[in-house]
Amino acid sequence: MKTDTSTFLAQQIVRLRRRDQIRRLMQRDKTPLAILFMAAVVGTLTGLVGVAFEKAVSWVQNMRIGALVQVADHAFLLWPLAFILSALLAMVGYFLVRKFAPEAGGSGIPEIEGALEELRPVRWWRVLPVKFIGGMGTLGAGMVLGREGPTVQIGGNLGRMVLDVFRMRSAEARHTLLATGAAAGLSAAFNAPLAGILFIIEEMRPQFRYNLISIKAVFTGVIMSSIVFRIFNGEAPIIEVGKLSDAPVNTLWLYLILGIIFGCVGPVFNSLVLRTQDMFQRFHGGEIKKWVLMGGAIGGLCGILGLIEPAAAGGGFNLIPIAAAGNFSVGLLLFIFITRVVTTLLCFSSGAPGGIFAPMLALGTLLGTAFGMAAAVLFPQYHLEAGTFAIAGMGALMAASVRAPLTGIVLVLEMTDNYQLILPMIITCLGATLLAQFLGGKPLYSTILARTLAKQDAEQAEKNQNAPADENT
């Protein structure tokens, strides 16, 4: 009996020692192994939540479209119902953002950049539910927004959540897990692991602290999120455009011309985004009722637009293969391009929870395809394929607007599985970036972050001025 008791006590002591060792390992902030393990956890969680977000948005969209199909034969019901359903869904997203987590509005990528510099708060307990449910509303309503921005912000906030749950106190761990979550989020949104890594290194280069531990953590998180994505969605490219032909050397100058066009379009697009943001701010003045009603009106209009021309509504992933295949005329491509520019400005600049990556990729595809079709008519001797210009255009607008050409190139190649077009992609994106920089254009996300920080400083200064007055009272 005594032997059994002593054996049991010995086993208990061993278990307690193991638990103590694991706890100490997790609490040693400078242990690379602990950070890498946490990065794997962050990547896995981000992949799971990213897939869940994608499925949830698709479910809401299918439910909305299914309700419209039921009344498709009754025009007097169809049009009002399309407006009302999309308006109500959009209002849910706008209300949640404005009421509970204003930092969850828009793409969320500038918020992650600010958090990496310790300039913006990371309230993951608010942002995660608001961004997820709010994004279901706005994206499910058919608004011209993408899911990549929300997934990046969700990933970054999951990184901070894991840090807080495991009580890792070091600044290095805090910074690394936030960046890891953001990279894993982009990878989970686009099934583009290398683009997720490059996005952190290139787009967030002023904020990202590049060292051996941080880059290994980012790699680990991205690998895990990509594995999770492929378990649920398979390994096929996220955008199916088929295998396109190579670009002959004697046609490469046309891609430089296309890059020059996007180099002009990019700064203009950024300027329009910022001006539209100012217009909306003047309209609602921060008043929640006006803001929600405005969002509902925009969502309802997107619902109506989806009936008139489905290609002009939604994030754009369904539009890209159709446009790249040359199924539209040049005139219709330009019409859809202009329409989607307007709807992108209205949806994104109004502060709806949703990203701008996917809409920009769709815009680049439309303009690139139109250019390719026109070039095929003007230069029949080249036997040009418009789809190759569509692929080049996808990354070019992003390169000119966000000022991340390498990310744009790799992202598009991973999404379409057309790696043979890497040379024309480089020429187009480099030309677009250089001209945009020469024209004085500023990177979109950095500019939005600067405006957010200026507003934050102004609000803090106002509070400091009011504090003495309140004390005297």
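Any Cβ shown, glycine's included, is placed from N, Cα and C.
These numbers come from a predicted model, not from an experiment.
The record in Swiss-Prot shows matching topological domain names for Glu172 and Asn466, meaning one and the same side of the membrane. Together with Ser107, Ile356, Phe357, the chloride site in Swiss-Prot holds one more listed residue from Tyr210, Tyr255, Tyr445, which is Tyr445.
Of the given residue ranges 1-5, 26-30, 106-110, 461-465, Swiss-Prot assigns the label motif 'Selectivity filter part_1' to 106-110. Among the residue ranges 117-121, 172-176, 417-421, the one that Swiss-Prot annotates as intramembrane segment is 417-421.
Using the Cβ center of Ser107, Ile356, Phe357, Tyr445 for chloride, the list of other same-chain residues with Cβ within 8 Å runs, in sequence order, Gly106, Ile109, Gly146, Glu148, Gly149, Phe348, Gly355, Met360, Val402, Leu444.
Taken through DSSP, the topological domain 'Cytoplasmic' (350-354) splits into 0 helix, 1 strand, 4 coil. The transmembrane segment (148-166) and the transmembrane segment (33-69) are in contact, since at least 3 Cβ pairs between them lie under 8 Å (pairs 6 or more apart in sequence). Sequence-distant contacts of the topological domain 'Periplasmic' (309-329) (same chain, at least 6 residues past either end, Cβ-Cβ under 8 Å): 61, 139, 142-147, 238-242, 302-303, 336, 339-340, 343, 358-359, 361-363, 365-366, 369, 373, 386-387, 390-391, 394.
Binding of chloride is attributed in the record to Ser107, Ile356, Phe357, Tyr445, and the widest Cα separation among these residues amounts to 11 Å.
Taking the binding-site residues Phe357, Tyr445 in turn, the residue surrounded by the fewest other Cβ atoms inside 10 Å of its Cβ turns out to be Tyr445.
Against the transmembrane segment (215-232), the recorded stretches 33-69, 124-141, 288-308, 330-349 differ in Cβ pairs under 8 Å, and the greatest number is found for 33-69.
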